[in-house]
Amino acid sequence: MSWTTIESDAGVFTDLIENLGVKDVEVDELYSLDVDSLRQFPDIYGIIFLFKWNSKVDKPDGTMDYDSMDNIFFAKQVINNACATQALLSVLLNHSDEIDLGTTLSEFKDFSKTLPPELKGEALGNSEHIRCCHNSFARSDPFISEEVRAATDEDEVYHFIAYTNINNVFYELDGLQAAPINHGSCTKEEFAEKAVSVIQARIANYDPAEIRFNLMVICKDKKASLLTREDLTDEEKAASIAVEDEKRLRWKRENQLRRHNFVGLFVELSKLLVKDRIDKNTWNSTLETAKAKYASQKRP
């Protein structure tokens, strides 16, 4: 079974890592690439960067750090469409001293730690549980094609990479590169400034009209962080937690809609619209009839 494309969305990525067993970590959108915006997040573990891949532009700015591969998790991307989950794991598995990875990822890290990057990538691709969690967030598509073809210059290919701080070094972890890319020394306190500088330099290589970038922060769960904050009153904590709870409910609903295939409903509704030439007064009854007919045809 192949890996499917999943949407670059904070709710998708947060549910994905929770389904893999990770505790008290969330992924959130970064709407502005500046130091103040980054510092609003509690305990940042890394940043996921999505961009339109271009072989002419995407050349490493830092230094290939081959010596680091014995001490950090770095996997080559050998499986199509796995780069989203691979970017997430590139951050999570390199912060296992700070993050509760859960059984699945802890066992995967232990199993793969002595493997070279190519075999780490193969091990990830062959992990049925990780692949199933990843694929569970694919949009429902009734017209699935098993055809596999190489991308052409006309195709728009998007790619995920990770930025993270490991042992006071700022790394770029890209499964399409030969090794981790070292961007120089960086303490935890310097992470925001370093991240802004490195990512802005990369974006500057693109055409000024190119705006198809997406940034997400992997950080400590905001609700868990709020519960331990002593600078907030109980009322302030309750209000902030309510906002986080509402956000999670919205994410859950959106993920449910992503998984659902509405084609059958639309087909049945279209049939009735054409057949009956309904007017506004019969819309609701026609809609309910279409729903019922669609439901009766669904497989158990």
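Each residue, glycine too, has its Cβ placed from N, Cα and C.
What Swiss-Prot says about this protein:
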ACT_SITE  C83  active site, nucleophile
ACT_SITE  H159  active site, proton donor
DOMAIN    2-220  domain 'UCH catalytic'
DOMAIN    261-290  domain 'ULD'
SITE      Q77  site 'Transition state stabilizer'
SITE      D174  site 'Important for enzyme activity'
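Within the model, the domain 'ULD' (261-290) shows a mean pLDDT value of 66, rounded to a whole number.
Within 10 Å (C-alpha to C-alpha) of H159 (active site, proton donor) lie the following recorded positions from Q77, C83, D174: C83, D174. Between the CA atoms of the residue listed as 'active site, nucleophile' and D174 (site 'Important for enzyme activity') there is a gap of 9 Å, rounded to the nearest whole number.
Here the C-alpha separation of Q77 (site 'Transition state stabilizer') and D174 (site 'Important for enzyme activity') works out to 8 Å.
Taking Cβ-Cβ distances under 8 Å and a sequence gap of 6 or more within the same chain, the neighbours of D174 (site 'Important for enzyme activity') are P60, H159, I161, A162, I181. According to its DSSP assignment, Q77 (site 'Transition state stabilizer') is coil. Mapped onto three states, the DSSP output places D174 (site 'Important for enzyme activity') in coil. Around the Cβ of C83 (active site, nucleophile), the number of neighbouring Cβ atoms within 10 Å comes to 24.
Under DSSP, C83 (active site, nucleophile) is assigned to a helix (H, G or I) in the three-state scheme. Cβ contacts within 10 Å of Q77 (site 'Transition state stabilizer'), excluding its own Cβ and spanning all protein chains shown: 22.
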